[in-house]
Structure formats: C-alpha cells, structure tokens
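Asks: Input: one structure, supplied below.
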Amino acid sequence: MLDINEMENKWKDYWFNNDVFKFRPGNKIFIIDTPPPTVSGKMHMGHAYSYPHQDFMARYMRMKGFSVYYPWGFDDNGLPTERYVEKERHVTIRNTPLDEYIKICREASRDAEKILLKNWYDLGLSCDFKNYIETSSDFSTRISQELFIDLVLNNRAYRAEAPVIRCPTCNTAISQIDMKDTEIDTDLVYINFSGIEIATTRPELLGACVALVVNPNDPRYKKIINSEVVVPLYNYTVRIISDDSIDMNFGTGAEMLCTFGDQHDLELWRKYNPGTRIIIKNDLIDDGIIIKGLSVKEARKEIIKKLKENNYLIKTERIKHSVNTHERCGTPVEIIISKQWYIKDLDIKDELLDLGNRIEWIPDYMKTRYQNWVSGLKWDWCISRQRYYGIPFPVWYCKDCGGIVLADKSELPVDPRLSGTNKRCSCGSGNLEPETDVMDTWATSSISVTLYLMHINSMNLYPADVRFQGHDIITSWAFTTILRSYLHYRDVPWKKIFISGNVYDPYGEKMSKSKGNIIEPSTIIEKYGADALRFWASTTMPGENIKIREQDLVRGRKTVIKLYNSARLVLMLSDNIKGSMDNIISQVNRWILTKFEKTLKNVTELMDGYYFSRARSELDNFFWNIFCDNYLEIIKSEIKRYPEETAAVSRFLMENIIKMYSPIMPFITEELYHEFNKDSLSVSLEKYPEYNEDYIFDGAEDFDYIIDIINKIRAIKSNMKMSMAAPISISLKGNEKIINDSAEIIKSVMHVENLKISNSDNIEIEVQ
C-alpha cells in the first residue's frame, strides 16, 4: 500500500540532505530568474499554481544535460514587510527607535522565512534551498547601493522637487507602477462658476483650481474659451482653456484643473502651465482660507456646506467613478509636490520597446501588455519611499550648499540614517545630513538576475534564460527588470519570459477572506499529495487562468497510483528474466515502441516550447490509454511467447515513462525509478529519453486495428456485465488477414474460447 504523504516526505528530505539540486557549473548552463516571494504572508494557491511551472522546466533541462541554476530568494524589505511586522509583532515606528525597528523587522522576516521555506519545500521545487538570498541582507544592500551610485554618476538617477503620487494611508510617495484603477461610489458635485456650471468629484480642491477646461468642439463653450471666471468662495480669477481630452458627456462638459486632483490634472498642468496652487499638505487639505488642516473627507463635507450656504452648489448626484488607488492598500492616491529620487525612463521608451521585442514572451500576446505600458509611460520612475525598513540611499546632503554627497563604493553597505560620516561636500563643508528615505522594494527586485548571479560570482553568465511570473506584475516587475537591465548592461535580463494567469475557486470566483473561499495549498497537499497539486498546475496553457477543480486533483492522485501499480506489474512480469532489445520480433512490442517514440517526439517538442499542459496530456494518453489499458494487458500473455524481448521492452518503456513524468510529478517518479535503478542518485539527474528512429517500425501501427477489436470486445463484455476474465465465444468480421495474424493475442487478452473469423470491410462482432 502506497502512503503518498510518507513517500513525499522521504524524498524531500533525501533531495535536501544529499544536495541533489545544488548548482554545479558545466558546459551547458540554464538559468532561471526565480521570483523571490515576499515574507508578508503565507503561500497561496497562486504560488502553488505558478511556481511548479518553473520547476517543470528546471527538472526537464537537468535531464536534457544542462547545469541548471535554479536559485531561491526572499523579497523581505519594504512596505509589505513593515505591514507584516507591525501586525505580527505589534510594533510601529511611532513608538520604536529606528535601529530597534529595523532589528525587529529583520528578526520577524527571518522567522517568517523559516516557515515559508517549508511551504515551497513541500511543493517539491528543485531549488538549492540551502543557499538563498534575501533582499534585505548586507549582500543585497551593497549591490543595490552600488548600482544606484552607478545610475547617479551616469545621470540616469536624479533627485527633483516635482509633482509625485502619494498614498495618504502608507504615508509615502509611490510610482506609476504601484497604482491600479478602482471603481468607487462617489458624489459628482455641480458648482456655479459665474454662470458656467462645472462638475467635479473633488470639490475639496476648489481652492487649488488654476483653470477650467472644456472640449474645443463643445458648442456650449466655444464662445467663452480663453475668457476668465471667478472661483467661488475664493474670489480669484482663472482662465477657461480647451483640450480634446475633456469628455463632453461627463457632467456638464466643463471641469476644474486643480493642482493636483488626479493624473489628468497633472498632464493638463504640464501642457498649459496655468500656475500652481498647492493646498494638500501632509495628507491634509489646508488652503489657509476656508479649509484648515482637514482630512479629504472632512474638507469635502466642509466645502459642500460652504457652497450651499453661498448658493454656488447646484446639485450632487451619486455616480460610479474610476480613481487611481495604491495597489498595496486600495487608498485613492493624491498628487503633491515634494523632493524624490527618480530613475529616468521617459527618454528611452524606444530602447525599452526594442528590448521587449528581443525577449520571447510565452504566450506571445502578453508582450502587448508590456508594449502598451511602455508606450503609455507618463512619469520617470520614482524610487524613493518615506518608509523605514528598506535599502537606504547611500546619500548625504550638504546643509550649507544643498549638494549631494555619495558614499564611496568601498564603504557599502551603509545606512546614513544610523551612521555618521567624515565625508565632505565638494564645497568643502562637512556639515552633512543623511537621506532618510529608503528605496522602493521594486528597485531591489528589479535587479534579481544580478543578485542571483553575483551570489555565485558568475556575472559572466548574464542574461538568465527565463523568468516565470504572473501577468499582473508585467507592468511592475517585468518592466523594471528590463529597464534596469538596459541601464546597467544594455542587454535583455532574460531570453524568455513565461507568464502565468490567475487562480480562481471552482466557480470561477476570485478567492478572498471576505468570501470565505480561500483554499490553502497545504490542505490540498495533505489530502491529495504534492504530485497531484503539481498535476493540477499543469492543466492550462501559458497565460491562461485556472480554476481549482477537484477532478483535476483526483486525476493527479489517480495518476500517482496508476504509475505505482503499473511499475510494480512490470517489475513482477520481468523479474528474473534477462531482457534484450537487440532484435524486436513481437508484433505487440514493435507496435508499442513505435507508439512510444512518436509520443516521445511530440512531448519533447512541447516541453521545449514550454507547453507543459499539452506535453502532459500527450504523455497521459500514451500511459493510460495505450500502455496501461492495452499493452500491459496484452503482455501478460505475450511475455510467455517472447520473454526476453517483452521483459526488456516493458522495462524500457516503464523507465522512460517515469522519466518523462518526473518534471511534473517528481515524488512518485523518484520512488519508482529507485525501484528500477537502486544506484541512481535521482531520476531528475538521469538523461531524458531521446527519440530513436530505430524503434519506428513500418506497418507496426496496423496493430491499432487489433486494439480497436479488443476495445469493442471489452465494451460488449461490459454491457453484458461480464467479467473481463470470463470466457466468451464470438464471430468476428473484418480484415481477415490482419485478424488472423493476431488471433492468438485477441483470444488470450479477451479470453475468447471460440473465435470465428470472416472477411468484411467493417468490424462486426457477434456473441455466439
């Protein structure tokens, strides 16, 4: 009896203790840019779906003769880690000294990593889990800071006071890649501007209005374009300007241009330069006149009250409205003016598009998302965050002249917030103050290939062969990695990028705690086994979304058991027989070898193309329908006629089936391969089967005709509720020559006592 959980635990420990997947450089090297998961939560079904994909290829390429560098890492710095630590350890920066806060974050991250390692370990990933990187480590900090200094010296990173996106909840600047569009219910407020009515969802920014904007083709406003109107309550004048971007059907077709209500405001402000009125200060609205230090909600309520009291409010109506929100917390963002660090990207869009075209996208249509993102970029990448647990900027500022002072590379890693410096500004002053911001976590994740390769002192192997990631972070992780690769190396970061879809519950719903439909990977592994979970992960094409369907997990578990039973049958049938495949005579063996080689060729081509689901389906069809249902049944008698040949062929096929399943289902295949080859270190280190034309026999597939007859007799017995081993007498019409050549096989396999054969164009069977 096979205990799947016990078996899987045995081989996990075996791989780990014997360093089976330790990277050993060779002549052919294959490098995977592994996504480093954050430590801000548990492994979820999205991980359990996407991470096996990279392991399929890692195991396959090892068997194809490559030295596979499949590294592991944790993205354990930045805002997600801070949020996790504050929740788990009940500490905040407000009541904890910075050095102590950093220490607590680091300790909590390390504790979480130990638990998370087991989650990925349980999936059967063939990483070298003994040698992983952490983005918060001194090693990663040094490299991040060094590359940042290079960008500054090459005028690709700069500090500027400019409009920037800010999250009021997270209290930090963010970048365009951190935003998502969210539809919310809000009030559309209609306001009277000296006879022209405008509609706005941000009435609290009335004191920041610097212009009114209409569409130049709107007949209602053509005559008043370029005229001036008075801003209600504030009594200053603004000009009415026109722009094609204004939707004539939204509200009244006339809008306020404020500094700044949203990204559209910023675009118009940059285009027309109407002046600036900043009233958002420290996440509060403060115009010094009407609104003084109120939150957005409080300010909105107050300004509507004042408009109503002064007869400027026409009406309000409830609408659904799309707003920019922070992807991390869902808070609507604000745009303020502040000093931040940026990496230039707007001036190299063409180069980034060219690099995207040099990468093979799997599936190809996912490249369009990257191209649309790059083409639509409107901001340089803001990389500074007003947070605490992240990569420090290796920067000081001169208090006397405002100059920027960079750390020497020999000093790295350095945290200017916690350590003094003897450096002096170029003006001669030693009166320096540290940069207190930290780098965006994407600024470190975007150099993952560099971190992994420098971890083994092998930058000469750049670029990596492939990156596996979700489609939801094409505009963040894929984009920033390509950007950094261009800026530092003028090269692609990887030759291929494989994009996976989302995971949904059995009914196609997105999983969430509020819906109560969360499914834990550990629960599935405990019930069905990791091999079954990996089988489920191989059921969709690249880029496709997937449902958690029990039938896929059941099918995976059944495949584990079927492999186990068929392997034991082959071992039993071939026991104590010295096999040989030097001269294949048996019609059955010639047929099965021809079928196998054609299957092998198809599966190999599909695996080479990263079509894991189609490859596994091809293999499933051969294993279940051809090998198990027919060949294994036939050789129970055939082995008596051709013992040496059939013993050798059956073992050859079973061993190669095990090898071909091993990238997808590594646990059961490791167990079974050791039954056939006790001295093997691992099936994953064995050679993948190679297509052999010598085993393609002319006319061998004519035996499909006999298989069709056998299946029809099976169906008859089943309909008659007869045991497959029960004797039966039949009259069989068909191709008399083909049937006579295999009559003994038909009689033996289907227990036909009396077989009457006659010629016919079609197969006809009658029970006698």
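Cβ coordinates are placed from backbone N, Cα and C, and glycine is handled just like the others.
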Asks: If I go by Swiss-Prot, the feature motif ''HIGH' region' sits on one of 37-47, 301-311, 367-377, 675-685. Which?
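Replies: Matching range for motif ''HIGH' region': 37-47.
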Asks: Between 215-219, 260-264, 510-514, which stretch does Swiss-Prot give the note motif ''KMSKS' region'?
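Replies: The range carrying the motif ''KMSKS' region' annotation in Swiss-Prot is 510-514.
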Asks: For the motif ''HIGH' region' (37-47), jot down how many residues DSSP puts in helix, in strand and in coil.
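Replies: Result for the motif ''HIGH' region' (37-47), in helix, strand, coil order: 3 helix, 1 strand, 7 coil.
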